[in-house]
């Protein structure tokens with residue numbers, strides 16, 4: 001347990017430093033979007049390119065890993081969205097409740113943390129889970145958000161339209177281009193590789209610092225269009241955070257055991273990585289998406305804050321139990 005804490009503590013400490021920097025004003029709130037752009041389009045993209053280049057395509061496109069992660073994610077999304085619909089919420093907020101419960105912070109937090117905990121063997125499963133989350137889970141949730149719009153097209157048409165938006169996200173492109181370069185044994189020119197390596201090295205500290213700054217911004221109410229909705233919203237946020245931190249990894253564990261029991265080839269290491277990925281807190285970028293599509297971004301921000309704070313204990317416990 002202490003060995004795991006020694007690995008996880010620096011990651012959560014960097015989040016805390018970013019939070020304090022933004023809350024105390026040492027980091028202007030106006031700088032947070034710039035940090036997000038640097039991490040998403042430069043540092044993390046470089047890191048994932050290197051990760052893809054070092055990962056065999058057969059691991060990246062392992063059907064057992066892709067299938068397990070997709071089924072578990074859709075199940076959590078469906079549970080959260082159905083519960084919200086039964087409580088009287090519209091399709092928009094129900095869908096984003098499902099997305100925040102099903103989408104872990106794999107890019108900014110999961111990749112460096114799991115590589116530190118598990119080693120290079122984590123690269124294939126974590127990259128595969130990122131592809132499923134960005135290309136399928138996110139697209140399905142956004143399509144579901146528009147399902148109740150007056151004059152809206154079918155859910156299938158909405159999903160196809162949402163998939164078109166994926167091309168603007170650099171993360172899956174970075175993974176796939178890296179994997180193709182590794183498969184073709186194509187190396188970047190030495191000066192270019194040095195730049196990519198420098199950017200990749202900045203990804204972990206800046207991404208974790210940015211998560212903390214984003215949490216401070218959301219808690220401080222600096223995001224335009226936020227709506228405070230009182231006690232009910234906090235109860236709902238704890239429920240969604242519970243789905244993210246407990247139900248999601250439990251589903252991945254049970255489904256993985258079931259697959260292994262019926263003879264589907266799922267390696268113990270891949271299963272472990274997916275369980276720990278599911279135990280990560282909610283993805284911070286969902287707050288930005290909720291704001292963009294007009295959903296209740298305050299509710300989403302609360303889930304991100306609660307799940308990130310609690311995950312220091314829950315993720316560490318999950319890692320200790322899994323090991």
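Cβ coordinates are placed from backbone N, Cα and C, and glycine is handled just like the others.
Please treat TrEMBL annotations as automatic predictions, because they have not gone through curation.
Annotated transmembrane segment per TrEMBL: 6-22 (among others), in sequence order. When Cβ-Cβ distances below 8 Å are used as the criterion, the transmembrane segment (6-22) is approached by residues 29, 32, 109, 112-113, 116-117, 205, 208-213, 215-217, 220, 308, 312, 315-316, 319 of the same chain, each at least six residues removed from its ends.
Summarising the annotation, TrEMBL assigns transmembrane segment to 29-52 (among others). Cβ atoms under 8 Å from those of the transmembrane segment (29-52) belong to residues 22, 60, 107-108, 111-112, 123, 127, 130, 170-171, 173-182, 196-197, 199-200, 202-204, 206-207, 209-210, 213-214, 217, 220, 222, 285, 288 of the same chain, restricted to positions at least 6 beyond its ends.
For the transmembrane segment (64-84), the residues of the chain that approach it from at least six positions outside its boundaries are 93-95, 97-103, 124-125, 128-129, 131-133, 136-137, 140-141, 144, 236, 239-240, 243-244, 247-248, 251-252, 255-256, 259, 264-266, 270-271, 274, 277-278, judged by C-beta separation under 8 angstroms. The transmembrane segment annotation in TrEMBL covers 64-84 (among others).
Here TrEMBL flags 96-118 (among others) as transmembrane segment.
The feature transmembrane segment is assigned by TrEMBL to 130-149 (among others).
Residues annotated as transmembrane segment in TrEMBL: 194-216 (among others). Sequence-remote contacts of a segment are chain residues at least 6 beyond its ends whose Cβ falls under 8 Å from one of its Cβ atoms, and for the transmembrane segment (194-216) they are 11, 14-23, 27, 31-32, 35-36, 38-39, 42-47, 49-50, 105, 107-109, 112, 188, 284, 287, 304-305, 308.
Look at TrEMBL and you will find 237-257 (among others) tagged as transmembrane segment.
Here the transmembrane segment (269-288) has Cβ contacts under 8 Å with residues 36, 40, 62, 64-65, 68-69, 72, 96, 99-101, 103-110, 113-114, 117-118, 121-122, 124-126, 129, 133, 210-211, 214-215, 218, 223, 240-241, 244-245, 248-249, 251-253, 256, 260, 297, 300-301, 303-304, 307-308, 310-311, 314-315, 318-319, 322 of the same chain, all six or more residues outside its ends. What TrEMBL lists as transmembrane segment is 269-288 (among others).
As annotated by TrEMBL, transmembrane segment applies to 300-321 (among others).
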Beyond the flanks of the transmembrane segment (237-257) by 6 or more, those residues with Cβ under 8 Å of it: 68-69, 71-73, 75-76, 79-80, 83, 97, 100-102, 104, 266, 271, 274-279, 281-282, 299, 302-303, 306-307, 310-311, 314-315, 318
